[in-house]
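Chemist: Pasting a structure here, questions to come.
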Amino acid sequence: MLCLGIESSCDETGLALVRDGKLVAEKLASQVDVHAVFGGVVPEIASREHLRVLPVLLRELLKEQRLTIDDIDVVSVARGPGLQGCLLMGLSFAKGLVLSCGAKLVGVNHLWAHLTAAGLEQDLQFPSLGLLVSGGHTHIYLIESPLQFTLLGRTLDDAAGEAFDKTAKSLNLPYPGGKLVDDLGRQGVVNKKLFPVPYINNDNLDFSFSGLKTAVANYVNQNSNLRLDTMGIPEEGVEEPAISEERKNMLASFNYTVGRTLEVKVERALKRNRGVKSLIVAGGVAANSVVRSVMTDVAAKFSIPLVLPSMHLCTDNGAMIAYAGYLMASAGCRHDLDLDAIPRGRVIPSDWICEG
């Protein structure tokens, strides 16, 4: 079975081919440079970029593999959550391909795909506990199969990735700033009391990072010397050493606070779900070194394996959509051409059609 995956939920255009569960090839076009001047993603521009790039990537992908669209058995596409216009670009493109070549159409939950992406590199054991940490979502799932996810905890306001983005922006770090927050923080010294660990004094598994965002903003406002004068990293020797170290220490403390928050909630979830066979951590923030280190320790504490996708599978990509589509199609699931795009904030229904 050859499955084409299409990812267009935000500002990455990704296409990939998975054959019988193995990644054959992939293409990814990033829009980082396009949106950097605005300091964030502009939905209209992102949609137009998807429209422009999708056919180009498909031609390149098929040509390099010496394939045609008639060789494709399944077209899987991210149906949500995401930016409505961006999702519609991918969905319309997928439907056009299905009409052209007669392949099956499978709509993929973008969030679930992040968590099952590690299956491209190793066998997944179920049931598993899944932690999804991204720009828009911080969720904990009980995963009983690739098609059965139970949401145990979710972000109530701002996700962890949003806190990273706003922290970077408050310091005038270049967009996207998540990696710089990690890299600079690794050079600093942690002050565990600098920022409050948010929303842990309760008995639930939900997250709230709005308070941490506010605490960071207040700290930067009180210490305006932390901000770079312009959006960018200054040349070597421009900064005063003390200011540079203070910034690194602040970011080290911020990284610690996010990691500690995730640690508390995941440990609580594992105590309530003792039967899980592994801990899966995915999403863009899963590339953060502190998050990876903390989750390694948590998994060891509960004597279960930690499943972390490779760095390139943590961020949005076509491979995770292709693999999730392959899993669904292998289980006999598909969608009709009336498949809808589901933007962020709405529940994605399990409305697939099962055959056999």
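Glycine too: its Cβ is placed from the backbone N, Cα and C atoms.
Bear in mind that the values here come from a model prediction, so they are computed numbers and not experimental data.
Sharing the record's features from Swiss-Prot:
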BINDING   HIS110, HIS114, ASP316  Fe cation binding site
BINDING   LEU132, VAL133, SER134, GLY135, GLY136, ASP165, GLY178, ASP182, ASN288  substrate binding site
Chemist: Would you count the other C-beta atoms found within 10 angstroms of the C-beta of ASN288 (substrate binding site) for me?
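Modeler: So the Cβ neighbour count for ASN288 (substrate binding site) comes to 26.
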Chemist: Look up LEU132 (substrate binding site) in the DSSP assignment and report helix, strand or coil.
Modeler: strand
Chemist: In sequence order, what residues of the same chain, 6+ apart, have a Cβ less than 8 Å from the Cβ of LEU132 (substrate binding site)?
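Modeler: For LEU132 (substrate binding site), the qualifying residues are LEU111, HIS114, LEU115, THR138, HIS139, ILE140, TYR141, ALA282, GLY283.
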Chemist: Measuring Cα to Cα, how many angstrom lie between SER134 (substrate binding site) and ASP316 (Fe cation binding site)?
Modeler: 10
Chemist: Between GLY136 (substrate binding site) and ASP316 (Fe cation binding site), what C-alpha distance do you get in Å?
Modeler: 12
Chemist: Taking only same-chain residues 6+ apart in sequence, whose CB is under 8 Å from that of GLY178 (substrate binding site), what do you get?
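Modeler: Those within reach of GLY178 (substrate binding site), by Cβ under 8 Å and sequence separation of 6 or more, are GLY161, PHE164, ASP165, ALA168, GLY284, VAL285, ALA287, ASN288.
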Chemist: With the Fe cation site defined by HIS110, HIS114, ASP316, which remaining residues of that chain have Cβ atoms positioned within 8 Å of the Cβ centroid?
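Modeler: The answer, listed by sequence position, is GLU7, SER9, ALA78, LEU111, ALA113, SER134, GLY283, ASN317, MET320, ILE321.
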Chemist: Near the Cβ of HIS114 (Fe cation binding site), how many other Cβ atoms are there if near means within 10 Å?
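Modeler: So the Cβ neighbour count for HIS114 (Fe cation binding site) comes to 30.
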